[in-house]
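Student: Pasting a structure here, questions to come.
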Amino acid sequence: MPAASTAATTLLQASQSEVLGEIQSNFLLNSSLWVNIALAGVVILLFVAMGRELESSRAKLIWVATMLVPLVSISSYAGLASGLTVGFLQMPPGHALAGQEVLSPWGRYLTWTFSTPMILLALGLLADTDMASLFTAITMDIGMCITGLAAALVTSSHLLRWVFYGISCAFFIAVLYVLLVEWPADAEAAGTSEIFGTLKLLTVVLWLGYPILWALGSEGVALLSVGVTSWGYSGLDILAKYVFAFLLLRWVAANEDTVTQAGMSLGSGGAAPADD
């Protein structure tokens, strides 16, 4: 028993190089990070080429927002692969892995905090939504990511982990409401409803996978290993970010006139004109 306690202490005080060694020894975890880094690099080059012919400021703004998604991802995944944003956490009593030290790639939450608002910004611009609705969606999204990080890092109480998880899901419901209820009408008025509907469905379905993975992974009930969970997150990121962004930019490049005519200012609101 004392030996186990000593080992636990060593893990908790592990240096960055030791964490890196642990990552590299886990093939599933390590490969899930480097595959994403490689794809992000390819996507960045592709998006640069796709945006070269854009002329209108609105189309360029959508391009910049979309471009930031792989830029944030490659930076964040590099932090994960280097061990910079990964650490060991001792799970609290009541957790399936109570008393054990679990490798926590908490840097993923940094990726989501900075990249998912850009996805929503691009979608909001595409739908020509009003500033208030766009601000609501982005702030709710940031709240979702931050409370998700809290749920992953809390080790003082197993109950509190799930409390933060519930709060994060509540923020997520607010984001879903905006995407499913408010913005479709704006997109219809802006003439972008067809592509918006496709991207909305892709986003909603894939984003629902993240809280499910959290609950099933080592942070939740621990039915999935860290490596399997990491591949799940990486797969969702590839589809929800890179595939989403490619579909959006391809449509914008082919329909720049529609994007330009959708609205000349962010605060115009595509669904209804402002009262005089």
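Each residue, glycine too, has its Cβ placed from N, Cα and C.
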Student: Compare the topological domain names that Swiss-Prot gives for Leu89 and for Gly191, and report whether both residues sit on the same side of the membrane.
Tutor: no
Student: Of the listed stretches (26-51, 58-81, 106-127, 131-154, 158-180), which one yields the highest count of Cβ-Cβ distances below 8 Å with the transmembrane segment (193-216)?
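Tutor: Answer is 158-180, with the largest number of Cβ pairs below 8 Å.
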Student: State, in range form, which of 26-51, 58-81, 106-127 has the highest count of Cβ pairs under 8 Å to the transmembrane segment (226-254).
Tutor: 26-51
Student: Take the topological domain 'Extracellular' (82-105) and count its residues per DSSP category (helix H/G/I, strand E/B, coil), listing them in that order.
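Tutor: Here the numbers are 0 helix, 8 strand, 16 coil.
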Student: Residues sitting near the transmembrane segment (131-154): Cβ under 8 Å, six or more positions beyond its termini, same chain?
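Tutor: Contacts with the transmembrane segment (131-154): 89, 92, 104, 106, 109, 112-113, 116-117, 120-121, 124, 160-165, 167-169, 171-172, 174-175, 178-179, 182-183, 186, 211, 214, 219, 266-267, 269.
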Student: Within its own chain, what residues at least 6 apart in sequence put their Cβ under 8 Å from the Cβ of Lys241 (N6-(retinylidene)lysine), listed in sequence order?
Tutor: Val69, Pro70, Ser73, Ser115, Ile119
